[in-house]
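Right, one structure below, let's go through it.
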Amino acid sequence: MPEGPEIRRAADNLEAAIKGKPLTDVWFAFPQLKTYQSQLIGQHVTHVGTRGKALLTHFSNDLTLYSHNQLYGVWRVVDTGEEPQTTRVLRVKLQTADKTILLYSASDIEMLRPEQLTTHPFLQRVGPDVLDPNLTPEVVKERLLSPRFRNRQFAGLLLDQAFLAGLGNYLRVEILWQVGLTGNHKAKDLNAAQLDALAHALLEIPRFSYATRGQVDENKHHGALFRFKVFHRDGELCERCGGIIEKTTLSSRPFYWCPGCQH
């Protein structure tokens with residue numbers, strides 16, 4: 001599943017294609033959304049936001065399209081009039097004079113009014129977004145030490161969107177390697193230096209993944225163009241200590257780590 005940086009890049013691409021342009025055609029596959037088609041003709045997208053792995057397309061009439069790609073959903077940008085050759089099932093079409101954005105295969109799609117943005121079950125449940133520039137290491141540290149999260153092993157905590165939105169498996173692996181911790185550690189057991197390092201890494205690594213999308217590198221995952229230190233590198237040498245990177249399973253997901261320097 002794409003993680004926060006990849007969802008944010010998808011949002012950037014959608015914004016670049018149609019933001020501010022009047023919608024000339026709107027189509028939704030799901031019957032409960034059909035009524036909104038005519039309401040959106042002539043309106044425009046004001047911005048495309050993200051909350052973790054959810055994408056929020058905001059319109060000029062104050063409606064917001066909520067979509068979560070889950071495992072299979074994917075957005076495409078095409079020239080208006082172009083029909084992509086695909087076996088995927090079309091769910092959403094937002095068309096302007098020159099560009100059209102298409103959502104395929106996703107099933108978690110809703111239209112929200114302003115007051116629903118604070119009451120929607122997923123949006124209520126997720127924690128602060130790691131790509132939110134207003135989120136600071138100090139706030140992350142407070143969350144790590146809160147009664148809700150301080151006793152949880154990082155193996156599961158760093159996959160829990162209620163803790164921080166936008167994290168996923170490759171980020172979990174890379175963050176824990178960066179700070180020399182394992183998936184079995186808990187925030188309550190860390191010293192001040194470890195806690196500080198983790199709080200910074202939880203923000204810096206996702207933001208670095210997002211920001212370095214233009215760099216060329218062979219180690220790619222869902223378009224994250226930054227160099228993996230351990231993810232998908234089992235059997236290779238750890239660049240920090242020279243140990244052998246291992247692969248195991250933690251919280252039902254593949255986990256990569258170096259026993260030589262993560263302990």
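Cβ coordinates come from backbone N, Cα and C, glycine included.
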Which listed span Swiss-Prot calls zinc finger, if the choices are 19-53, 229-263: 229-263
Same-chain residue ranges lying at least 6 outside the zinc finger (229-263) that approach it to Cβ under 8 Å: 155-156, 159, 169-170, 172-174, 176-178, 180-183, 219, 221
Conformational class of Glu3 (active site, proton donor) under the three-state DSSP mapping: coil
Those recorded positions of Arg125, Asn169, Arg253 having Cα within 10 angstroms of Glu3 (active site, proton donor): Asn169
